[in-house]
Amino acid sequence: MAIGGLISNTNLGSFIGSGNGFQNQIGISNNRAMLCHRKSNALCPSHQQRHISSLQAAATLQHELGHSRRGFGCFLLPTRLFRFKGNTSRASYKSSEESQGAGAVDPLPYAEAILVQGNASWWQLQFPRRWVIVLLCFASFLLCNMDRVNMSIAILPMSQQYNWNSATVGLIQSSFFWGYLLTQILGGIWADKYGGKVVLGFGVVWWSIATVMTPIAAKLGLPFLLVVRAFMGIGEGVAMPAMNNMLSKWIPVSERSRSLALVYSGMYLGSVTGLGFSPMLIQKFGWPSVFYSFGSLGSIWFLLWLKYAYSSPKDDPELSEEEKKIILGGSKPREPVTVIPWKLILSKPPVWALIISHFCHNWGTFILLTWMPTYYNQVLKFNLTESGLLCVLPWFTMAVLANVGGWIADTLVSRGLSITSVRKIMQSIGFLGPAFFLTQLSRVKTPAMAVLCMACSQGADAFSQSGLYSNHQDIGPRYAGVLLGLSNTAGVLAGVFGTAATGYILQRGSWDDVFKVAVGLYLIGTLVWNLFATGEKVLD
């Protein structure tokens with residue numbers, strides 16, 4: 001018998017491998033094994049003898065699997081990672097409550113050890129359906145930022161070809177936000193009413209077509225280009241609300257932080273990919289190739305989305321009953337909303353905590369990401385090539401630390417810390433971390449230390465993915481799309497106003513003044529968040 005794999009679902013063990021479940025009862029019968037959490041004193045004498053031999057079998061099994069307490073199991077999937085099709089023997093364990101006959105269903109009741117024998121092979125693995133949804137959302141966000149940042153590179157040769165001045169370039173860059181603002185709340189309403197699959201699929205197709213049309217619009221004239229860029233913003237504006245709606249239905253609370261962190265890290269890696277490949281494509285094939293190649297990738301994603309994605313677990317005919325129990329945790333799926341209770345939503349202090357905190361968060365984030373190349377060039381005296389390369393560093397840092405933060409948050413929840421406390425801790429890091437490192441910029445004396453401070457600032461900022469960005473699903477899962485649309489509208493406005501205000505401040509002051517404003521808003525956000533935010537459901 002060849003040992004295929006083991007995924008444990010006990011607290012931290014669900015994330016880093018190993019599992020105490022194998023030190024509990026193993027009964028092997030008819031080529032199937034069931035692991036159950038039961039106290040040995042509850043067994044009859046005949047069962048106790050089998051229990052002793054079962055523990056010996058467990059030790060042998062654990063040795064063959066190589067999953068010690070220090071072993072590395074699975075970073076993303078805390079429960080039932082794979083199912084093997086074919087000739088297999090299965091070992092699984094249930095939670096102690098279920099084994100003892102408790103009526104309530106554990107939100108994460110199962111983890112399975114798959115013992116592969118005979119002709120079962122690695123290509124027979126079946127991925128959990130909920131994590132297929134997560135990975136498809138990750139891919140959509142990767143494409144989202146690839147298609148968004150390519151203009152920041154392509155605008156240089158485009159402006160030379162069409163003789164655009166700096167004012168025209170600024171107009172083109174800002175036209176994206178005209179459409180992006182329009183569909184934040186609308187995207188949330190549509191997703192909550194019609195399902196995230198339809199809305200996110202529409203968004204990706206829409207912005208992919210707009211991306212491919214960009215070179216054609218540029219040749220036709222500036223007005224056509226501005227319209228196409230606004231259309232692209234319309235498509236990308238629905239992405240975050242639609243994704244939030246889908247994950248609120250597919251992901252149990254114990255996996256919420258890490259799933260959202262992974263999806264949002266797709267945006268960061270999309271920026272890295274776009275900034276990395278765009279110059280090479282432009283140099284070899286010309287600037288239109290960036291838009292044609294990046295935009296065409298959306299069609300591949302859309303075909304996979306049509307085949308594998310469903311708006312909710314109840315719509316998926318291939319979803320196993322076991323995984324459905326893990327996702328729903330014993331509760332019944334709710335019907336899509338038909339009417340948005342705006343008065344009720346806007347009367348809740350936690351909703352306003354989300355809106356205000358999102359504004360404060362994005363003010364600092366957009367300033368750093370928009371003005372960072374200028375800061376490197378003017379203050380640190382880096383050339384433009386060095387500035388561009390160093391701009392990639394914060395995106396890498398955010399991609400890594402967003403997932404680290406998600407792991408920490410879900411681990412704290414699994415160990416019994418309240419969701420409210422976890423959200424407040426993670427978002428406080430996301431506010432106070434950047435505030436601290438920005439205050440150090442005026443004190444550092446070398447460019448290397450300044451770059452390190454900027455990278456650490458953005459790395460701490462990424463903990464917000466397990467704070468305010470996860471909170472929409474906590475307080476109102478049925479209205480998660482609308483809630484994210486509301487708060488992200490405030491976040492986009494912060495980016496627009498903050499970027500413009502920074503230019504105004506620099507004309508009359510210094511970079512220290514710019515950072516002081518951002519730090520002040522980070523502190524206000526910290527105060528509001530800790531006073532009014534909650535991890536409990538306030539909208540049903």
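Heads up, the Cβ atoms here are built off N, Cα and C, so glycines get one too.
Taken from TrEMBL, the feature transmembrane segment applies to 131-151 (among others). Outside the transmembrane segment (131-151) by six or more residues, the chain places 76-77, 172-173, 176, 200, 203-204, 207-208, 211, 214, 229, 232, 236, 239, 243, 246-247, 250-251, 259, 262-271, 273-275, 278, 290-291, 294-295, 297-298, 301, 304-305, 308-310 with a CB less than 8 A from a CB of the stretch.
Residues or ranges marked as domain 'Major facilitator superfamily (MFS) profile' by TrEMBL: 133-537. A mean pLDDT of 89 is what the model gives for the domain 'Major facilitator superfamily (MFS) profile' (133-537).
What TrEMBL records for 171-191 (among others) is transmembrane segment.
Per TrEMBL, transmembrane segment is recorded for 198-218 (among others). Remote same-chain partners of the transmembrane segment (198-218), defined as residues 6 or more beyond its termini with a Cβ less than 8 Å from a stretch Cβ, comprise 137, 140, 143-144, 147, 150-151, 158, 162, 187, 190-191, 224-225, 227-229, 231-232, 234-239, 241-243, 245-246, 287-288, 291-292, 294-299, 301-302, 305-306, 309, 311, 481.
The transmembrane segment feature in TrEMBL is assigned to 224-247 (among others). Sequence-distant contacts of the transmembrane segment (224-247), counting only residues of its own chain at least 6 positions beyond either end whose CB sits under 8 Å from a CB of the stretch, comprise 133-134, 137, 140-141, 144, 147-148, 151, 171-172, 175-188, 190-192, 195-197, 199-200, 202-208, 210-211, 213-214, 217-218, 256, 259-260, 263, 309, 311-312, 472-473, 480-485, 488.
Panel annotation: around the transmembrane segment (259-278), residues 76, 131, 134-135, 137-150, 152-154, 243, 247, 251, 290, 294, 388, 391-392, 395-396, 398-400, 402-403, 405-407, 462, 465-466, 469-470 of the same chain, lying at least six beyond its termini, place a Cβ under 8 Å from a Cβ of the stretch. Per TrEMBL, the feature transmembrane segment maps to 259-278 (among others).
The feature transmembrane segment is assigned by TrEMBL to 290-310 (among others). Outside the transmembrane segment (290-310), and at least 6 residues removed from its termini, the chain residues within Cβ reach (under 8 Å) are 132-133, 136, 139-140, 143, 146-147, 150, 153-154, 197, 200-201, 204-205, 207-212, 214-215, 246, 274, 277-278, 281-282, 316.
Away from its own ends, the transmembrane segment (351-372) comes close to residues 345, 387, 390-391, 394, 427, 430-431, 434-435, 438, 454, 457-458, 461, 464, 468, 471-472, 475-476, 483, 486-488, 490-495, 497-499, 502, 514, 517-519, 521-522, 524-525, 528-529, 531-533, 538-539 of its chain (Cβ-Cβ under 8 Å, at least six residues beyond either end). TrEMBL lists 351-372 (among others) with the feature transmembrane segment.
Annotation comment: TrEMBL describes 392-413 (among others) as transmembrane segment.
Residues or ranges marked as transmembrane segment by TrEMBL: 479-506 (among others).
The transmembrane segment feature in TrEMBL is assigned to 513-532 (among others).
The stretch from 171-191, 392-413, 479-506 that makes the most Cβ contacts under 8 Å with the transmembrane segment (513-532) is 479-506. Proximity of distant same-chain residues to the transmembrane segment (479-506), defined by a Cβ-Cβ separation under 8 Å and at least 6 residues beyond the stretch ends, is recorded for 174, 177, 180-181, 184-192, 196, 199, 240-242, 244-245, 247-248, 337, 340, 345, 351, 354-367, 370-371, 468, 472-473, 513-514, 517-518, 539.
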